[in-house]
């Protein structure tokens, strides 16, 4: 069912003598009829932002014509209508449409003979219209001056129409209504502003969360890169240590002080020149290592005092990034590196001892700091591990107390090599075993390798093998267990390491008491294996003859 009809159309239908035709498809029930309600727009287009009108208020605005008499049409004259039209004309306003409808209604009423009113009635109507027009202008000016209030913001029409059923309402009621409208508008604007603030807070919280997460991710990535670089640096140092192991074994074989003059006398000038060149090379290497140590100590702020001679700052254990940048800038401006001293060979022991004593302060502080961090991360250990509850520095001091035992471990000969100028140890004779009697083997003394001490050597094979074992375990721990090739390589590396540590010596294979044989490899692409054995054809023939009791060739037997 359509909405309320304008006044002109109602008058036209009343004056039309023809009967109206009923639409059979029209819905007689008003409650179930479909309604199309236009947007209620009473203000000018140039004013503030529009407010969203809810469905309940739209229904309330549609029924205003039925409940309030002010929204119904009223009689007026053409002169008054023209004055009102020209004074209130604004582009795009809804008043033009209303005035056009009223004008069309007046023209229709004039054409239908509605000029039967008396002049007195028309004058009274004109005066009343002029008074209403002045009041409307005053109300518009008041609404324009009042900040934060506009006609378009009026949305609560039920409160606006309370107590206004009569046309002759007083100004006090109008003031109260305007106050109620302003209060409603303030509540609506306050509610919207709170929603906007909540949205802004949510957006700010999201921004903070995103920023925090990005910062956290970047920090974790930076830590991962630092750990990766540390592992790569440790691998390079370990590789250098592995290469130095061969040089260490060769150094242990050099002539010792008691026989060195004899080698020097018998070596002649060639031996003396080689000795002089090696002495210069070792001196240059020692200076390079000391220079590298000074460079590394100077680059790190916590160890710079060891090089430039300043006092250590024990309070500052960690330096922030900003302080580190300032230190780098100052270092670029002026780098105070101590003058390099050319030390003699006899000065290096005292210099290195003093450097180590100064470095001990920083070493102990760093060890204690990281020990505390790992202890907090791993939690408190059980009562059974009381030794680990002590400080890391206490444990180190306890181990270093027995220096003689530690020195004996470095002076113990663990590898098989011969020191030049020393006689070879006499081999113990192996007693022959008579037939029918059990074989007698020489009894080796218990822990014989620990009794082979030499004060002129330095042997740390136990520590070296421990480093190799840890390296192999770390390299192979990240392998896929399903990768058979990688597992095979790991097994070969472990077996090679074990063969270096413990050599398998078969004592029963001496003096020809055990047959030695070589297993030939399988055929590959119909190619016979290459014979790497040292036996010639005559030895093989003699071997096969001895197996079957034929010690002499067959032709010799027939000749006899």
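Every residue, even glycine, has its Cβ placed from backbone N, Cα and C.
Residues or ranges marked as N-acetylalanine by Swiss-Prot: 2.
Annotation comment: Swiss-Prot describes 61 (among others) as phosphoserine, evidence class a large-scale study or a structure entry.
Look at Swiss-Prot and you will find 63 (among others) tagged as phosphoserine, backed by a large-scale study or a structure entry.
The annotation region 'Disordered' is assigned in Swiss-Prot to 76-208 (among others).
Annotation comment: Swiss-Prot describes 150 (among others) as phosphoserine.
Residues annotated as phosphoserine in Swiss-Prot, with a large-scale study or a structure entry given as evidence: 155 (among others).
Here Swiss-Prot flags 156-165 as compositional bias 'Basic and acidic residues'.
Swiss-Prot lists 203 (among others) with the feature phosphoserine, giving a large-scale study or a structure entry as the kind of evidence.
Summarising the annotation, Swiss-Prot assigns phosphoserine to 273 (among others). DSSP assigns residue 273 (phosphoserine) to a helix in the three-state reduction.
Among the features that Swiss-Prot reports, region 'POLR2J binding' is placed at 273-315.
Annotation comment: Swiss-Prot describes 309-333 (among others) as region 'Disordered'.
As annotated by Swiss-Prot, phosphoserine applies to 316 (among others), with the evidence given as a large-scale study or a structure entry.
The region 'RB1 binding' annotation in Swiss-Prot covers 316-372.
What Swiss-Prot lists as phosphoserine is 320 (among others).
According to Swiss-Prot, the phosphoserine annotation covers 321 (among others), on the basis of a large-scale study or a structure entry.
Computed over the region 'RB1 and SP1 binding' (373-472), the whole-number mean pLDDT of the model equals 75. The feature region 'RB1 and SP1 binding' is assigned by Swiss-Prot to 373-472.
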Spatial neighbours of residue 273 (phosphoserine) that are distant in sequence (at least 6 apart) but have CB under 8 A: none
